[in-house]
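According to Swiss-Prot, the active site, proton donor/acceptor annotation covers ASP97, LYS191, on the basis of sequence analysis. Residues annotated as active site, schiff-base intermediate with acetaldehyde in Swiss-Prot, with sequence analysis given as evidence: LYS162.
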Amino acid sequence: MLKKEESLMNIAKMIDHTLLKPNATKEEIKKVCEEAREYGFASVCINPCFVDLAYEMLKDTDVKVCTVVGFPLGANTIETKVVEAVEAVKKGATEIDMVLNISMLKSGEYDYVKKEIGEVVKAVKSHGDIVVKVILETCYLSDEEKIKACEISKEAGADFVKTSTGFGPGGATVEDVKLMRKVVGENFGVKASGGIRSYEDAKAMIEAGANRIGASAGVKIVEEWKKQGLG
(Lines of atoms letter the chains of each structure in order from A; the text may use other names.)
(Lines give C-alpha, C1' and ligand atoms only; values in the text may rest on other atoms or scores of the structure.)
Protein backbone atom coordinates (compact mmCIF):
# COMPACT_ATOMS: atom_id res chain seq x y z
CA MET A 1 0.00 0.00 0.00
CA LEU A 2 1.53 3.31 -1.09
CA LYS A 3 2.46 5.82 1.59
CA LYS A 4 1.59 9.50 1.11
CA GLU A 5 5.04 10.48 -0.18
CA GLU A 6 5.25 7.45 -2.48
CA SER A 7 1.80 8.23 -3.87
CA LEU A 8 2.81 11.75 -4.87
CA MET A 9 5.93 10.35 -6.56
CA ASN A 10 3.97 7.67 -8.44
CA ILE A 11 0.60 9.29 -8.91
CA ALA A 12 -0.50 7.22 -11.91
CA LYS A 13 -0.06 4.07 -9.85
CA MET A 14 -2.78 5.10 -7.44
CA ILE A 15 -5.42 6.28 -9.90
CA ASP A 16 -8.41 4.16 -10.86
CA HIS A 17 -9.00 5.47 -14.39
CA THR A 18 -12.78 5.61 -14.40
CA LEU A 19 -15.60 5.57 -16.93
CA LEU A 20 -18.95 4.71 -15.39
CA LYS A 21 -21.35 7.01 -17.22
CA PRO A 22 -24.46 5.19 -18.49
CA ASN A 23 -23.95 6.23 -22.11
CA ALA A 24 -20.30 5.15 -22.35
CA THR A 25 -19.70 3.38 -25.65
CA LYS A 26 -17.54 0.35 -26.32
CA GLU A 27 -15.08 2.57 -28.18
CA GLU A 28 -14.82 4.91 -25.18
CA ILE A 29 -14.09 1.94 -22.92
CA LYS A 30 -11.37 0.80 -25.31
CA LYS A 31 -9.84 4.28 -25.17
CA VAL A 32 -9.83 4.23 -21.37
CA CYS A 33 -8.06 0.87 -21.44
CA GLU A 34 -5.50 2.15 -23.94
CA GLU A 35 -4.84 5.20 -21.76
CA ALA A 36 -4.46 2.97 -18.71
CA ARG A 37 -1.91 0.86 -20.57
CA GLU A 38 0.01 3.97 -21.67
CA TYR A 39 0.03 5.76 -18.31
CA GLY A 40 0.24 2.74 -16.03
CA PHE A 41 -2.80 3.50 -13.90
CA ALA A 42 -3.63 1.26 -10.94
CA SER A 43 -6.81 0.11 -12.62
CA VAL A 44 -9.61 0.90 -14.98
CA CYS A 45 -12.97 1.21 -13.23
CA ILE A 46 -15.76 0.36 -15.63
CA ASN A 47 -19.30 -1.00 -15.55
CA PRO A 48 -19.75 -4.79 -15.26
CA CYS A 49 -20.80 -5.35 -18.88
CA PHE A 50 -17.33 -4.23 -20.01
CA VAL A 51 -15.23 -6.35 -17.64
CA ASP A 52 -14.45 -9.05 -20.20
CA LEU A 53 -13.40 -6.43 -22.77
CA ALA A 54 -11.15 -4.64 -20.29
CA TYR A 55 -9.64 -7.92 -19.15
CA GLU A 56 -8.72 -8.92 -22.71
CA MET A 57 -7.15 -5.53 -23.37
CA LEU A 58 -5.15 -5.37 -20.14
CA LYS A 59 -4.32 -8.97 -19.20
CA ASP A 60 -0.67 -8.56 -20.27
CA THR A 61 -0.20 -5.42 -18.12
CA ASP A 62 -0.09 -4.56 -14.42
CA VAL A 63 -3.31 -2.54 -14.76
CA LYS A 64 -6.12 -4.11 -12.74
CA VAL A 65 -9.73 -4.41 -13.88
CA CYS A 66 -12.07 -2.82 -11.35
CA THR A 67 -15.84 -2.86 -11.57
CA VAL A 68 -18.81 -1.77 -9.48
CA VAL A 69 -21.44 -3.74 -7.58
CA GLY A 70 -24.82 -2.50 -6.32
CA PHE A 71 -24.08 0.67 -8.22
CA PRO A 72 -24.95 3.47 -7.73
CA LEU A 73 -27.73 3.19 -5.13
CA GLY A 74 -26.54 0.27 -3.02
CA ALA A 75 -30.12 -0.93 -2.64
CA ASN A 76 -29.79 -4.40 -4.19
CA THR A 77 -30.29 -7.47 -2.00
CA ILE A 78 -27.27 -9.17 -0.50
CA GLU A 79 -27.76 -12.15 -2.79
CA THR A 80 -27.82 -9.94 -5.89
CA LYS A 81 -24.62 -8.17 -4.86
CA VAL A 82 -22.86 -11.48 -4.28
CA VAL A 83 -23.88 -12.86 -7.68
CA GLU A 84 -22.90 -9.62 -9.42
CA ALA A 85 -19.50 -9.56 -7.72
CA VAL A 86 -18.68 -13.21 -8.39
CA GLU A 87 -19.70 -12.95 -12.04
CA ALA A 88 -17.39 -9.95 -12.46
CA VAL A 89 -14.48 -11.81 -10.87
CA LYS A 90 -15.04 -14.81 -13.12
CA LYS A 91 -14.83 -12.47 -16.12
CA GLY A 92 -11.52 -11.01 -15.00
CA ALA A 93 -12.15 -8.29 -12.42
CA THR A 94 -9.67 -8.26 -9.54
CA GLU A 95 -11.06 -5.20 -7.75
CA ILE A 96 -14.69 -4.72 -6.69
CA ASP A 97 -16.13 -1.35 -5.66
CA MET A 98 -19.41 -2.15 -3.91
CA VAL A 99 -21.96 0.38 -2.69
CA LEU A 100 -23.09 -0.44 0.82
CA ASN A 101 -26.79 -0.38 1.58
CA ILE A 102 -27.16 3.29 2.47
CA SER A 103 -30.78 2.90 3.57
CA MET A 104 -29.93 0.10 5.99
CA LEU A 105 -26.98 2.03 7.39
CA LYS A 106 -29.12 5.10 8.02
CA SER A 107 -31.80 2.88 9.57
CA GLY A 108 -29.29 1.62 12.10
CA GLU A 109 -29.34 -1.91 10.65
CA TYR A 110 -25.62 -2.35 11.22
CA ASP A 111 -25.70 -6.15 11.36
CA TYR A 112 -27.28 -6.18 7.90
CA VAL A 113 -24.61 -3.88 6.48
CA LYS A 114 -21.82 -5.94 8.02
CA LYS A 115 -23.39 -9.13 6.69
CA GLU A 116 -23.71 -7.85 3.12
CA ILE A 117 -20.12 -6.61 2.99
CA GLY A 118 -18.88 -9.81 4.60
CA GLU A 119 -20.81 -12.00 2.16
CA VAL A 120 -19.38 -10.18 -0.86
CA VAL A 121 -15.86 -10.28 0.59
CA LYS A 122 -16.11 -14.00 1.36
CA ALA A 123 -17.52 -14.84 -2.07
CA VAL A 124 -14.95 -12.98 -4.15
CA LYS A 125 -11.91 -13.83 -2.05
CA SER A 126 -12.70 -17.52 -2.49
CA HIS A 127 -11.73 -16.90 -6.14
CA GLY A 128 -8.36 -15.31 -5.41
CA ASP A 129 -6.67 -12.15 -4.16
CA ILE A 130 -9.55 -9.79 -4.89
CA VAL A 131 -9.60 -6.24 -3.51
CA VAL A 132 -12.96 -5.06 -2.14
CA LYS A 133 -13.66 -1.36 -1.75
CA VAL A 134 -16.82 -0.25 0.06
CA ILE A 135 -18.45 2.92 -1.27
CA LEU A 136 -20.02 4.88 1.59
CA GLU A 137 -21.63 7.69 -0.45
CA THR A 138 -20.55 10.15 2.22
CA CYS A 139 -22.73 13.00 0.94
CA TYR A 140 -25.75 11.24 2.44
CA LEU A 141 -24.17 10.43 5.81
CA SER A 142 -23.60 12.22 9.09
CA ASP A 143 -20.10 12.06 10.56
CA GLU A 144 -21.32 9.44 13.02
CA GLU A 145 -22.64 7.33 10.15
CA LYS A 146 -19.37 7.73 8.22
CA ILE A 147 -17.46 6.51 11.25
CA LYS A 148 -19.79 3.54 11.70
CA ALA A 149 -19.58 2.64 8.00
CA CYS A 150 -15.78 2.66 8.15
CA GLU A 151 -15.74 0.50 11.26
CA ILE A 152 -18.18 -1.99 9.76
CA SER A 153 -16.30 -2.19 6.46
CA LYS A 154 -13.04 -2.95 8.24
CA GLU A 155 -14.66 -5.52 10.54
CA ALA A 156 -16.32 -7.23 7.57
CA GLY A 157 -13.00 -7.85 5.82
CA ALA A 158 -13.01 -5.21 3.09
CA ASP A 159 -9.74 -3.68 1.89
CA PHE A 160 -10.78 -0.07 1.27
CA VAL A 161 -13.45 2.45 2.10
CA LYS A 162 -14.38 4.81 -0.71
CA THR A 163 -16.08 8.19 -0.46
CA SER A 164 -18.51 8.37 -3.36
CA THR A 165 -20.08 6.92 -6.48
CA GLY A 166 -19.85 10.18 -8.41
CA PHE A 167 -23.60 9.91 -9.00
CA GLY A 168 -24.76 11.46 -5.72
CA PRO A 169 -25.19 15.18 -4.95
CA GLY A 170 -21.64 15.44 -3.59
CA GLY A 171 -18.22 13.87 -4.07
CA ALA A 172 -15.01 13.51 -2.11
CA THR A 173 -14.03 16.16 0.42
CA VAL A 174 -10.77 16.61 2.28
CA GLU A 175 -12.66 16.54 5.58
CA ASP A 176 -14.29 13.19 4.81
CA VAL A 177 -11.02 11.63 3.68
CA LYS A 178 -9.29 12.80 6.87
CA LEU A 179 -12.10 11.34 8.97
CA MET A 180 -12.09 8.03 7.11
CA ARG A 181 -8.33 7.69 7.44
CA LYS A 182 -8.51 8.46 11.15
CA VAL A 183 -11.11 5.73 11.68
CA VAL A 184 -9.54 2.93 9.61
CA GLY A 185 -5.92 3.60 10.58
CA GLU A 186 -2.77 3.36 8.49
CA ASN A 187 -2.88 -0.18 7.12
CA PHE A 188 -6.19 0.08 5.30
CA GLY A 189 -7.22 1.64 2.01
CA VAL A 190 -9.03 4.95 1.56
CA LYS A 191 -10.22 5.83 -1.93
CA ALA A 192 -11.33 9.36 -2.77
CA SER A 193 -13.65 9.71 -5.74
CA GLY A 194 -16.14 12.18 -7.10
CA GLY A 195 -15.18 15.62 -8.38
CA ILE A 196 -11.41 15.04 -8.54
CA ARG A 197 -10.53 16.79 -11.79
CA SER A 198 -6.97 18.12 -11.38
CA TYR A 199 -3.59 17.29 -9.91
CA GLU A 200 -4.21 19.80 -7.12
CA ASP A 201 -7.49 18.04 -6.28
CA ALA A 202 -5.74 14.67 -6.21
CA LYS A 203 -2.82 16.00 -4.17
CA ALA A 204 -5.20 17.44 -1.57
CA MET A 205 -6.92 14.06 -1.20
CA ILE A 206 -3.61 12.20 -0.92
CA GLU A 207 -2.37 14.62 1.72
CA ALA A 208 -5.64 14.11 3.60
CA GLY A 209 -5.02 10.36 3.70
CA ALA A 210 -6.26 8.82 0.45
CA ASN A 211 -4.08 6.16 -1.13
CA ARG A 212 -6.28 5.60 -4.15
CA ILE A 213 -7.99 8.16 -6.38
CA GLY A 214 -11.01 7.45 -8.56
CA ALA A 215 -11.25 9.86 -11.47
CA SER A 216 -12.28 10.12 -15.09
CA ALA A 217 -9.63 12.85 -15.43
CA GLY A 218 -6.70 10.52 -14.83
CA VAL A 219 -4.80 11.58 -17.95
CA LYS A 220 -5.22 15.27 -17.10
CA ILE A 221 -4.07 14.68 -13.53
CA VAL A 222 -0.90 12.89 -14.62
CA GLU A 223 -0.10 15.46 -17.32
CA GLU A 224 -0.44 18.29 -14.77
CA TRP A 225 1.77 16.32 -12.39
CA LYS A 226 4.41 15.99 -15.11
CA LYS A 227 4.30 19.73 -15.88
CA GLN A 228 5.25 20.42 -12.28
CA GLY A 229 8.42 18.41 -12.87
CA LEU A 230 7.26 15.61 -10.62
CA GLY A 231 7.02 12.85 -13.20
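Residue numbers in this text run from 1 along the chain shown.
Yeah, the Cβs are placed from backbone N, Cα and C, and that goes for glycine too.
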So, three-state DSSP: helix, strand or coil for LYS162 (active site, schiff-base intermediate with acetaldehyde)?
strand
From the Cα of ASP97 (active site, proton donor/acceptor) across to the Cα of LYS191 (active site, proton donor/acceptor), what is the distance in angstrom?
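Given the Cα positions, LYS191 (active site, proton donor/acceptor) is 10 Å from ASP97 (active site, proton donor/acceptor).
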How long is the line from the C-alpha of ASP97 (active site, proton donor/acceptor) to the C-alpha of LYS162 (active site, schiff-base intermediate with acetaldehyde), rounded to the nearest angstrom?
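Rounded to the nearest whole number, the Cα-Cα distance is 8 Å.
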Might you list, by sequence position, any residue in that chain lying six or more from LYS162 (active site, schiff-base intermediate with acetaldehyde) with a Cβ less than 8 Å away from its Cβ?
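Same-chain residues close to LYS162 (active site, schiff-base intermediate with acetaldehyde) (Cβ under 8 Å, separated by 6 or more) are ASP97, LYS133, VAL134, ILE135, LEU136, VAL190, LYS191, ALA192, SER193, ARG212, GLY214.
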For ASP97 (active site, proton donor/acceptor), just count the other CB atoms lying within 10 A of its CB, please.
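Its Cβ has 27 other Cβ atoms within 10 Å.
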Within 10 Å of the Cβ of LYS191 (active site, proton donor/acceptor), how many other Cβ atoms are there?
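LYS191 (active site, proton donor/acceptor) is surrounded by 29 other Cβ atoms within 10 Å.
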